[in-house]
Amino acid sequence: MSRSTDASVFVQTAYTLRAVWADLWQRKFGTLLTILVIAVSLTIPTVSYLMWKNLHLATTQFYPESELTIYLHKNLSEENANLVVEKIRQQKGVESLNYVSRQESLKEFKSWSGFGEELEILDDNPLPAVVIVKPTSEFNVSEKRDELRTNLNKIKGVQEVRLDNDWMEKLTALSWLIAHVAIFCTVLMTIAVFLVIGNSIRSDVYSSRSSIDVMKLLGATDQFILRPYLYTGMIYALLGGLVAAIFSSFIISYFTSAVKYVTDIFAVQFSLNGLGVGEFVFLLVCCLIMGYVGAWIAATRHIAMMERKE
């Protein structure tokens, strides 16, 4: 009994899908316009999400973590400087550090600055010893980093502590802004998709009014009557999602050359990322849900309105 019921449901579903597809193909121009409107509506939040995704990837790739640069007093002897370094190492929130002595700082400066001969004229080394500190993950948030910076400044022998996170904070703020823009676009375009599907289903319901009346006279259930409209809404949304993914891919490809030009200037390696497989599947699932819900709301409402008028 169960197998025959399953087969009956499968046959009914296949028959309804064929009928819906034949109807959509018969009025293919209107179907194409509806799908394109849905696709454009979905492309906007998809591209906004991809902008946020790529900026977030760039932020984590080029600025994976912030560092604190500590400048020691120049009048410290090498022995006292080592004692200060040990105090810094024992400070809570310090994961690792790299100590560069005054002599090493001068040697590095000579090697890349090209002022080696000029620096030989000076009687005293003008560069301080430097300690580069990597904070622990707990202290890698803004408030904790500031707290660590304050504590390091209190250590005797420390002249200045600089927090190298200006670009990180700017990129994080920009990423936050784009994320909110993406959310706003998603909400607006989701409403637009519901309206487009609802309007299309409304037209289908009123054009099939006589068929609906006949089915009701024959004792058809509401679910049976609604099924073609639900499938129509899901097909609209699914095809719109597929076209939106294609549009998004074209847009990412278009901007890839521009991004490569910029990254070549800055001598870094970065390429734009499109939708992953999981993200693509998630987009299609969301489209199916939107199509189903939008079609159900529109069809139920307008069929009920027709019944009240009768």
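Cβ atoms here come from the backbone N, Cα and C positions, even for glycine.
Going by Swiss-Prot, these are the annotated features:
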TOPO_DOM  1-31  topological domain 'Cytoplasmic'
TOPO_DOM  53-176  topological domain 'Periplasmic'
TOPO_DOM  198-234  topological domain 'Cytoplasmic'
TOPO_DOM  256-279  topological domain 'Periplasmic'
TOPO_DOM  301-310  topological domain 'Cytoplasmic'
TRANSMEM  32-52  transmembrane segment
TRANSMEM  177-197  transmembrane segment
TRANSMEM  235-255  transmembrane segment
TRANSMEM  280-300  transmembrane segment
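When each of the listed stretches 32-52, 177-197, 235-255 is scored by C-beta pairs under 8 angstroms to the transmembrane segment (280-300), 235-255 comes out highest. Predicted-model confidence for the topological domain 'Periplasmic' (53-176) is 75, expressed as mean pLDDT. When Cβ-Cβ distances below 8 Å are used as the criterion, the topological domain 'Periplasmic' (256-279) is approached by residues 46, 50, 53-54, 57-58, 61-62, 245, 248-249 of the same chain, each at least six residues removed from its ends.
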